[in-house]
Amino acid sequence: MACNVHFDLSSGFKIPALGYGTWLAHFNQLHRVVHLRTMKRNLKKALEAALEAGYRHIDAAIVYLNEHIIGRVLKKWFSSGKLSREDIFLTTKLPPTGNRPEGVKKYLRKSLDDLQVDYVDLYLVHVPFGLNDVEGDLQPKKPDGTADVDLSTDHIAVWKAMEEAVDSGLTKSIGVSNFNSDQIGRILKNCRIPPCNLQIEHHAYLQQPKLVEFCKQNKIVVTAYSPLGSPGLSKLGKTYSPLGSPGLSKLGKETPDLLGHPMVKEIAQKYNKTTAQVLLRHIVQKGISVTPQRIRQNIDIFDFQLSASDLNILNGLDANLRILDFEFIFKGIKDHPEYPFKENL
C-alpha cells in the first residue's frame, strides 16, 4: 500500500510524509564494504523493495553516485505500467561543485539524464557552501588535502538560476538543504519563487526547534534526514570513505543509539511498535517529512498516534547533537564563510 499521507508545499504540490533515502542505500551490512557490482545490485534490490512496500518519494543526489541505478529501476517500473511518472515524487540535489549560477542547469540536466526522467519534483541546493568545479571530481581537494573551496558562493545568484530551472520545466519545486535560518532569510528577501522545502539532519537528539519554527512561519516544509540518528555510521566509516573522504570514523564522536534508548523502547512497547517506528512517528506527527533508509516496517507509522505526554518525553531527548557536520567529508570546510553550523564551533 502506497504512503498516502502528504504535506502541502508552497509551490502548490504535495510531498509524501515518508520517503526513501538513497544515501548508502547500496549497503546491506553497515560493517563491510561490498564490490561495485554488489553495491549496484544492493541498491536495485533495496529500491525495488521500497517501491513494492509503497514508498513513492525517492530522495536522491548526484553526490550519492547512484542516480543511474535509480533511473534504471524507475524506467523498469514506468515501462511495465506498475507506476507512472506522476506516481513518484523524485527529489535530487545540486552538488557543492555546482553552487554557482551556471552549475544549476549543468548538474540538473546530468541528474535528469541519469534518472531517465524529464523533470524532478523537487530540486535542492545540497549545501550552502561551494567547491570549485573540477571536471569529474565532486570533491576536489587542494594539495594539502583540504577541500578546494569556492569562497565566492552567492546564494542569491544561485537561487535565480534555481528559479529559471522551474521556469524551464526541469523541476516543479525548489528548496535548500543544510542551510541555517540566516541563509534562508537572505533568499526569502531576494526571491521570486520562495524555497518550499528545507532538508536537514533531524532526529530526537537534534530537533532544532527554532529552525523548524522559522520554516513553519515561512511556509517551508522541513524534511528530516538521518531520522534514526544514523545507527552504525561510525562502524561503517572504519572501512568506507564516501567520495574519497578520510572516512566517517573521523567523526570524533559516538553516533547516538536512539533505537536502544530506554525511554524510546518503553514507548515502543506501549504502542506495540518498533523503536524505529516510534522515532519516525515522533517526527512526522510534528509536521516534518522523513527519508529513512530502512524499508519494511518504517512505512507502518500511520496507524497510531503518540500521546501528548509521549511527544513531550521524546521532545525532551533533544541534546543539540549534530552527527554530520561535513568536516569528515570536506576537510577545512568550517572555515568557509557560508559554513552553516558556526553556532556549534
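Cβ coordinates are placed from backbone N, Cα and C, and glycine is handled just like the others.
Note that this is a predicted model, so its numbers are computed, not measured.
Features reported for this protein in TrEMBL:
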- 18-317: domain 'NADP-dependent oxidoreductase' (DOMAIN)
- TYR64: active site, proton donor (ACT_SITE)
- LYS93: site 'Lowers pKa of active site Tyr' (SITE)
- HIS126: substrate binding site (BINDING)
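Recorded features from TrEMBL, shown on the structure.
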| residue | record | Cβ within 10 Å |
| --- | --- | --- |
| TYR64 | active site, proton donor | 23 |
| LYS93 | site 'Lowers pKa of active site Tyr' | 27 |
| HIS126 | substrate binding site | 21 |
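Confidence annotation: the domain 'NADP-dependent oxidoreductase' (18-317) carries a mean pLDDT of 88 in the model. It is 11 Å from the Cα atom of the residue listed as 'substrate binding site' to that of TYR64 (active site, proton donor). Rounded to a whole value, the Cα-Cα separation of TYR64 (active site, proton donor) and LYS93 (site 'Lowers pKa of active site Tyr') is 10 Å.
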